[in-house]
Every structure is written in C-alpha cells, then in structure tokens.
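One structure is given here, and the rest of the page talks about it.
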Amino acid sequence: MSSSKLPPLTYKVVAECSVSKARAGLMTLRHSEVRTPVFMPVGTQGTMKGILPDQLIELDCQILLGNTYHLGLRPGIETLQKAGGLHKFMSWPRAILTDSGGFQMVSLLQLAEIDEHGVNFRSPFDNTECMLTPEHSMQIQNAIGADIMMQLDDVVKTTTTGPRVEEAMERTIRWVDRCIKAHTRDDEQSLFPIVQGGLEIPLRERCVSALMERQVRGFAVGGLSGGESKHDFWRMVHVCTDHLPRDKPRYLMGVGFAADLVVCVALGIDMFDCVFPTRTARFGCALVDRGQINLKQQKYKHDMEPIDKQCNCSTCKRYTRSYLHHIATNEVVSCSLLSVHNVAYQLRLMRSMREAVQADAFPQFVKDFMARHFGSEPIPSWIREALAAVNIELPADAQEQRVNS
C-alpha cells in the first residue's frame with residue numbers, strides 16, 4: 001500500500017512500564033515518525049524564537065507546534081495556501097501540530113467574546129475584529145497543513161467553578177462535531193478532540209466518554225496547568241488517562257517543567273508542549289536536571305565549565321558558563337545559544353524516559369531523576385502522591401526521615 005493510502009496517523013504502543021502507566025510508542029505521521037513520549041517545542045508564528053529549523057533537526061526534534069490564532073492573523077490563510085502550507089512556508093520537513101486558538105479565549109480574554117457560534121476576538125495587532133468559529137479554525141488549520149490539529153474548544157480558567165465549567169465542557173463536545181464536519185483534509189491531517197471539565201472528576205469522565213464516541217485518531221487533555229493546585233492538576237491527568245483508550249496517543253497541553261513531564265509520563269501521557277524552554281532562555285536561564293541556572297548571576301563570571309557536561313548540544317560543546325554569563329540578556333545571540341541547549345535538554349529528557357520504559361526500568365529512572373532534581377530539598381507532596389497513585393514510591397527524603405525518627 002502506498003504511503004498516500006495509509007492513514008495520516010498511526011500509533012503503536014512499543015513498550016509499557018510494568019509498574020506505572022508510562023508507555024513508549026511510535027506515531028507515524030505524513031511528515032515524520034514521532035517516538036513518544038515526546039516534547040514539542042512551540043513555534044507560535046511559524047518560527048522558534050532563537051532557533052532555526054536546521055538546528056531543530058540537528059537536535060532530532062520530531063514535531064513542533066504552531067498557533068492557529070496567530071497564524072490565521074499573520075500571515076493569514078491566503079499566504080499559507082499560496083506557500084503550500086506551513087511546512088513549506090517555514091522550511092520545516094518534519095511533523096507539525098497546531099492548537100485551535102481556543103487557549104487565547106483565556107490568555108486574551110479581555111479581547112474576546114464567547115457564545116455558541118464561536119469566539120469574537122479583537123486583534124492585538126490592529127484592533128480589527130475576528131470571529132473564530134469551529135469551522136474557521138478548521139479552515140485555518142487545513143491551510144496550515146499541520147499533521148495534527150486541535151478542535152476549537154471552550155476554554156475557561158482552571159480555577160473557575162460553578163455552571164460555567166459544565167457549560168464549557170458541553171460546548172466543547174458540540175464544537176468537536178462541527179470541527180469534524182468542517183475538516184476537509186482528513187486523508188492528510190488528523191483532528192484531536194480536547195478533554196475539558198475543569199477540576200471536576202465527573203465532568204472529565206463525561207467528556208472523555210462523549211469524545212470517545214467520535215472517530216478520531218488521538219486525544220488531547222486541556223484546561224490544565226493554568227493556576228490550579230498541583231494536587232488538582234495530577235488528579236485530573238490521572239482520571240483522564242484512566243479512561244482514554246490505550247491504542248491512541250494522549251496529548252497534555254501546555255506542560256513543560258521537567259518534574260511535571262516525568263510525573264505525567266508516569267500517569268500515561270504521551271505528548272507535551274510548552275513555551276517554557278525558549279522563554280526562560282530569553283531571561284538568561286539554562287535548564288539542568290536540578291531545575292535551571294541563572295547565568296546572569298555573578299558566580300558564573302569565571303566558570304569555565306559548560307552548562308551541562310552530559311549535554312552534547314552545540315552550545316555545551318563550544319561555550320562556557322563564563323561566556324554565556326558575559327552575553328546573557330545583553331546580546332541577541334545569547335537567546336539562541338540558551339534556547340538550543342534548553343530544547344536539547346527537554347528532548348534528551350524525553351528520550352531518556354522512552355529508553356527507561358523500553359528497558360522496563362522507568363520507576364528507577366523516576367527515583368534517580370527526582371533525587372537529582374530536588375537534591376537536599378524535600379520532594380513536593382503532590383509529586384509523591386501522584387507517583388504513589390501509579391505504584392512508584394519515592395524514598396523518604398532527609399526532612400521526612402527527621403520527622404519520622
């Protein structure tokens with residue numbers, strides 16, 4: 001069978017942790033194979049801040065994310081169609097996932113009005129109005145040509161309570177049917193519905209059940225990582241992965257802190273995205289296993305070591321902490337050098353988790369990672385509780401041992 005006749009997305013579970021819900025998978029898309037669990041760097045407007053597509057390929061980035069709302073405004077549908085889609089427009093040969101524009105309902109709430117028809121935005125660029133409906137979101141994403149597209153969902157702040165949460169969840173289910181109907185390139189692009197329901201377990205369960213009735217190739221979990229407590233956060237992820245089908249990829253939207261990634265892989269998530277690696281680079285910070293180091297600090301002025309001796313990225317191979325301290329936030333190139341390292345760190349972390357799952361050594365990987373990440377600091381109780389829920393018990397830290405002795 002020719003590749004054009006194959007589904008635009010196939011997913012195979014390659015290995016599963018014998019203790020937790022972590023798994024390793026292979027997702028085959030039109031533009032590339034993607035090994036999961038995977039982190040997707042964010043290229044909001046068809047570009048990564050500080051990184052060229054060739055550098056992402058050198059880092060073995062398999063898939064990145066673009067933003068439907070912003071791309072729909074600039075460069076717009078007509079330009080994307082003339083270019084032959086975003087892949088050609090930005091010279092990126094591998095896979096792309098696009099969000100739906102729904103998140104801007106929260107982040108740009110002062111510019112938006114929401115009703116059953118869709119979301120009426122006021123452009124932050126020229127103050128013109130733009131109505132984003134499920135149908136228009138599909139039109140933009142079909143023009144972008146992303147391998148994976150998100151439905152337009154009704155997004156509310158995670159701390160919202162009361163009837164608005166259920167209203168948003170039910171509207172999200174109605175809108176996915178409109179998205180499916182408007183999607184014109186199902187033989188080339190896959191549409192993921194988004195699980196909503198706030199911090200209420202019954203709503204999350206109802207939403208998962210309803211969305212699973214649709215013929216889709218994967219699922220996203222949305223409406224989290226927006227200010228809710230970490231205790232609520234992990235429980236919502238846990239209940240979603242408990243009910244989502246085993247044979248389809250699961251994407252947790254907007255999560256990128258290293259400890260969160262490790263916990264959520266243990267909870268059964270396959271795909272992640274976040275602006276964090278490149279955003280923190282612009283503030284002079286580099287990611288390492290123990291969190292991040294702020295290279296603007298004077299203690300790095302004469303430090304002739306690389307950011308991370310274990311990292312093989314071009315930044316760590318060529319530049320010292322001292323040099324990066326010298327240019328951090330003062331020179332534009334510092335953003336590029338630190339972004340390369342930070343994306344490399346995220347991708348290496350995901351690769352290490354894949355390998356640990358395939359070797360059925362994931363619980364030990366988690367324990368070793370948390371020991372490095374927190375060092376002498378106590379591991380947060382939410383992490384302990386989340387991992388215990390999937391049968392990974394972390395050793396007592398020094399503080400706990402003192403309390404219990």
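Just so you know, glycine gets a Cβ as well, placed from its N, Cα and C.
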Given the ranges 278-282, 298-302, 398-402, which one is assigned the annotation region 'RNA binding' in TrEMBL?
278-282
Can you check which of 51-57, 149-155, 254-260, 366-372 TrEMBL lists as region 'RNA binding'?
254-260
For each of the binding-site residues (G101, G223), count the other CB atoms lying within 10 A of its CB, then report the residue with the highest count.
G223
For S100 (substrate binding site), the one of C313, C316, H341 that lies nearest, given that the binding-site residues are compared by Cα:
H341
Cβ-centroid neighbours of Zn(2+) site C311, C313, C316, H341, 8 Å, sequence order:
P306, I307, D308, N312, S314, T315, K317, V340, A344, Y345
Enter the number of other CB atoms within 10 angstroms of the CB of D153 (substrate binding site).
31
